[in-house]
């Protein structure tokens, strides 16, 4: 009998792979393995060397050595270890799920898979867990936006009895407070879950596929470890896309990460791009005191209803943000203190340059070709409504796959992946997915635009309500923007909403629920909405399909 200690086994699935390799060796009569005790007990006919056994195990990526411990003597192949130490049979083994990434989609999947009885290994190569949202995305950006909003209110509030004044601010202190809150949320929402859920474990390193059930993880110390799993989720997120502009990569340009955590305010910030992130950061920096110029390849929000981009551009220009539509940089240089951009609208100079032209999936380092996982032209992993790829047992969620790049979509996809991995059945329906851009006024959308509906041969009817007709907006002296509702003309059923309004994001979920429940605008107009609230604007806009709300008294139905 030979006793071996084995490092690297994390679940019964690992046991199965090691046992299969040892059973295949001629002369091995019986193999008993316990991953809890990290050891194997092997009975042979006496003609098998320890070196051969260790070699078979290490070929799978584990570390093995002969154990110095003692074990119960086995006198025949029919003997076995005590039942409490015996390895599980295939029928009752705990399923092992491996997850590449530790963002919102990854953790949502891990929690659901654990609830389904699985053991979960999360694999992360970055220095910190949590992914983009909590670390360098949603959370720090909303803190920055809120601080900038308060600065703007001090500088330019609408009330005649409140004196406007220049805010006294420290960018360094704002960043310090922002970083502290990021660390607090990362600890509460990610690290704490790892520490309190015994079904979850973390492996630090960068993963690549070896086959459909095996990942090779290159750890930070340079060693490699094989991770065998019954199911695998890819949740590797995305990275800022850098356009191929002559000279750009030779300059100290910012991505959103540098912009969010900067210690000083630039005098003049030029923003290449008109992505969601570009618009949010551009306005925040303007409100904190920087001169800001946006270079938009087309127009702002050109993929959305044209009225949204037109009105938001007007709001930006009113705040002093320079928006250059149909403008592209062809060359960028830096002289040590100033950037110079050559564009089709002339040369621009600035002391800081933000490049924010979108993000692309982190998939190129995964060795997806080894297993045949399908990606699209953008490198995004193609998944079905159950979040499964074309390879059975391999799933994907979040920015790395062909879905909208929103953290709540990633989390929903991760949850459904975890359910489907552990024997359940869950689909992700994005037909009423709300989206918000946290500019001020905010842009909020759900469902179809008129153009999208017409492309589907749906005849539409729509109404636009200016925010000056919403009592709460009037009371706030914040009447920029509008609410637009799109209906299927034949039925009056609401199929889309586009909103530009202060706190417009707080309105959009009500519209989403109305669309989800196939409500008509007549039914929506008949609902009770609290007075004075911004969301009452949905009711008022719905009423405009049948009457002129300017002729109604307050709260009139």
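Backbone N, Cα and C define each Cβ position, glycine as well.
Positions annotated as domain 'HMA' by Swiss-Prot: 1-65.
Within 10 Å of the C-beta atom of residue 14 (metal cation binding site) sit 24 other C-beta atoms, taking all shown protein chains into account. For 11, 14, the entry in Swiss-Prot reads metal cation binding site, with the evidence type sequence analysis.
Residues or ranges marked as FAD binding site in Swiss-Prot: 106, 126, 142, 207, 399, 407. Around residue 142 (FAD binding site), taking its Cβ as the centre, 15 other Cβ atoms fall within 10 Å, counting all chains. According to DSSP, residue 142 (FAD binding site) sits within a helical segment.
What Swiss-Prot records for 133-138 is disulfide bond. On its own chain, residue 138 (disulfide bond) has 132, 407 as residues at least 6 apart in sequence with a Cβ closer than 8 Å to its own Cβ.
Other C-beta atoms found within 10 angstroms of the C-beta of residue 554 (Hg(2+) binding site) number 8, with every protein chain shown included. When secondary structure is read from DSSP and collapsed to three states, residue 554 (Hg(2+) binding site) falls in the coil class. Summarising the annotation, Swiss-Prot assigns Hg(2+) binding site to 554, 555.
A Cα-Cα distance of 43 Å separates residue 399 (FAD binding site) from residue 555 (Hg(2+) binding site). The DSSP secondary structure for residue 207 (FAD binding site) is strand.
Under DSSP, residue 126 (FAD binding site) is assigned to coil, being neither helix nor strand in the three-state scheme. Comparing local CB density within 10 A for the recorded positions 106, 126, 133, 207, 407, the maximum falls on 106. If you measure from the Cα atom of residue 106 (FAD binding site) to that of residue 14 (metal cation binding site), you get 21 Å.
The Cβ of 555 has fewer other Cβ atoms within 10 Å than any other of the binding-site residues 399, 555.
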